[in-house]
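Written below as structure tokens is the structure these notes are about.
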Amino acid sequence: MRNISLLGATGSIGQQTLEVIRQHPEQFKLVAMSFGQNVELGLKAIHEFRPKFVAVQSKEVYEKIRYDCPENIDVKFGEEALVEAATYYQADLLINAVIGSVGLIPTLRAIEAKKDIAVANKETLVTAGHIVTEFAERHQVNLLPVDSEHSAIFQCLQGEKQKNVERLILTASGGSFRDKTREELVDVTIEQALNHPNWSMGAKITIDSATMMNKGLEVIEAHWLFSIPYDKIEVLLHKESIIHSMVEFHDGSVIAQLGTPDMKVPIQYALTYPDRFPLQTTERLNLAKVGILHFQTVDFERFRCLKFAYESGKIGGTMPTVLNAANEEAVDAFLKGSISFLAIEELIEQALLKHEAIKNPSLEEILEVDQITRAFVQSLI
Ligand SMILES: NC(=O)C1=CN([C@@H]2O[C@H](COP(=O)(O)OP(=O)(O)OC[C@H]3O[C@@H](n4cnc5c(N)ncnc54)[C@H](OP(=O)(O)O)[C@@H]3O)[C@@H](O)[C@H]2O)C=CC1
Ligand SMILES: CC(=O)[C@@H](O)[C@H](O)COP(=O)(O)O
Ligand SMILES: [Mn+2]
């Protein structure tokens with residue numbers, strides 16, 4: 001039996017994690033969970049899974065749910081509560097599925113508490129990858145990828161030696177606007193941007209996918225998870241999202257991981273690694289039915305956010321922190337209808353141009369740069 005703490009239980013990854021747990025009640029027990037504002041889904045999960053500890057984002061949410069929770073469930077609110085859920089003493093494994101860099105401190109505290117971590121929350125690795133990976137190494141904690149591309153690479157690397165890797169090839173769907181020119185992006189709507197062709201995901205990552213910042217964040221995530229230099233990480237457009245990523249080795253052999261687009265597969269693999277369990281609900285891949293798979297090189301002038309991410313990653317230090325914080329603020333503003341789609345990349349560019357990177361930053365410096373960047377981007381909106 002694995003005891004699980006799940007941060008972000010009401011989100012897209014959170015709900016699919018609960019489905020995986022639901023399918024394997026003998027193997028997994030939810031002992032702690034967190035959610036933000038979604039009282040309805042939060043209470044549903046509490047009543048079904050009966051975790052011992054629940055963290056919610058705010059006092060208002062706490063007040064709304066406290067009398068509807070069974071008495072023996074400990075409910076708290078705020079950032080400290082999120083850390084308490086992440087480090088819950090009975091949990092063996094943390095699944096970090098919150099959105100944004102709010103996941104950073106809980107991740108670091110969970111590593112210190114020697115919890116293995118299934119990492120969905122990619123912003124944490126982007127904003128402070130050197131600190132998270134150094135912490136994990138020092139405390140001998142496993143960081144298990146959940147992101148579909150990184151799970152694919154992780155699976156391709158099983159039994160392989162790191163020294164034999166030539167390059168990683170991250171596949172990208174191209175997002176909601178993959179067939180549009182830059183001119184056609186001028187007046188796209190929020191609804192159009194939220195219409196991802198292959199994956200049903202939370203709003204923020206769906207917009208990231210449309211700008212291809214998602215792939216940029218994933219390049220940085222791959223750099224940290226697999227200790228590989230940026231010039232050995234490539235992005236390949238593959239509109240079907242059937243090949244989830246590939247690894248090329250020195251001998252020219254390429255290993256790929258395939259499957260229908262279903263996040264429950266990588267989520268479950270992170271929970272069962274190095275074993276595999278059956279997964280009843282996933283649609284099986286039928287390549288004869290798929291017929292043709294498409295591949296295309298990326299145009300970095302069309303997808304400028306991807307270019308910004310490579311550049312920020314290569315500069316390193318606090319530059320990816322700025323990239324991430326500016327992106328979080330800009331996407332939030334787009335989702336609120338305050339800025340246009342193309343303004344997202346403009347705001348990020350402004351923030352990057354203004355910043356002088358601090359090399360090998362401390363956690364305090366990362367948190368400070370994150371706040372300054374957010375304030376700067378907000379001042380431009
Ligand atoms: N969705 C997907 O298929 C994939 C997602 N990822 C990554 O996984 C992470 C989660 O994505 P996704 O599930 O789509 O996101 P969602 O927006 O669907 O869910 C986010 C979760 O975090 C909670 N949350 C949001 N803000 C806060 C906060 N300030 N404090 C505490 N909790 C908060 C939300 O609570 P509530 O809703 O109750 O307010 C919700 O439970 C992201 O980093 C994303 O990039 C990676 C690969 C695929
Ligand atoms: C499911 C998943 O892992 C997402 O991050 C996915 O990769 C989004 O697809 P694109 O960013 O390739 O559009
Ligand atoms: Mn992904």
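Any Cβ shown, glycine's included, is placed from N, Cα and C.
These features come from TrEMBL:
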- 4-129: domain '1-deoxy-D-xylulose 5-phosphate reductoisomerase N-terminal' (DOMAIN)
- Thr10, Gly11, Ser12, Ile13, Gly36, Asn38, Asn121, Glu123, Gly202: NADPH binding site (BINDING)
- Lys122, Ser148, Glu149, Ser173, His196, Ser209, Asn214, Lys215, Glu218: 1-deoxy-D-xylulose 5-phosphate binding site (BINDING)
- 143-226: domain '1-deoxy-D-xylulose 5-phosphate reductoisomerase C-terminal' (DOMAIN)
- Asp147, Glu149, Glu218: Mn(2+) binding site (BINDING)
- 258-375: domain 'DXP reductoisomerase C-terminal' (DOMAIN)
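The structure, with features from TrEMBL marked on it.
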residue	record	DSSP class
Thr10	NADPH binding site	coil
Gly36	NADPH binding site	coil
Asn121	NADPH binding site	coil
Asp147	Mn(2+) binding site	coil
His196	1-deoxy-D-xylulose 5-phosphate binding site	coil
Gly202	NADPH binding site	coil
Glu218	1-deoxy-D-xylulose 5-phosphate binding site	helix
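Rounded to a whole number, the distance between the Cα atoms of Lys122 (1-deoxy-D-xylulose 5-phosphate binding site) and Thr10 (NADPH binding site) is 17 Å. Close to ligand 3, meaning a Cβ under 6 Å from one of its atoms, are these of the binding-site residues Gly36, Lys122, Asp147, Glu149, Gly202: Asp147, Glu149. A gap of 17 Å separates the Cα atoms of Glu149 (1-deoxy-D-xylulose 5-phosphate binding site) and Ser12 (NADPH binding site). Closest by Cα distance to Lys122 (1-deoxy-D-xylulose 5-phosphate binding site), from the binding-site residues Ser12, Gly36, Asp147, Gly202, is Asp147. Cα spacing between Ser12 (NADPH binding site) and Asp147 (Mn(2+) binding site): 12 Å, rounded to the nearest whole number.
Between the CA atoms of Glu218 (1-deoxy-D-xylulose 5-phosphate binding site) and Asp147 (Mn(2+) binding site) there is a gap of 8 Å, rounded to the nearest whole number. Proximity of the binding-site residues (Gly36, His196, Gly202, Asn214) to ligand 1: a Cβ under 6 Å from the molecule is found for Gly36, Gly202. Listed in chain order, the extra residues whose Cβ falls within 8 Å of the Cβ center of the Mn(2+) site residues Asp147, Glu149, Glu218 are Lys122, Pro145, Ser148, His150, Leu170, Asn214, Lys215, Leu217, Glu221, Ala222, Ser245.
The CA atom of Asp147 (Mn(2+) binding site) is located 13 Å away from the CA atom of Gly202 (NADPH binding site). Among the binding-site residues Gly36, Asn121, Gly202, no residue is found with its Cα located within 10 Å of the Cα of Asn214 (1-deoxy-D-xylulose 5-phosphate binding site).
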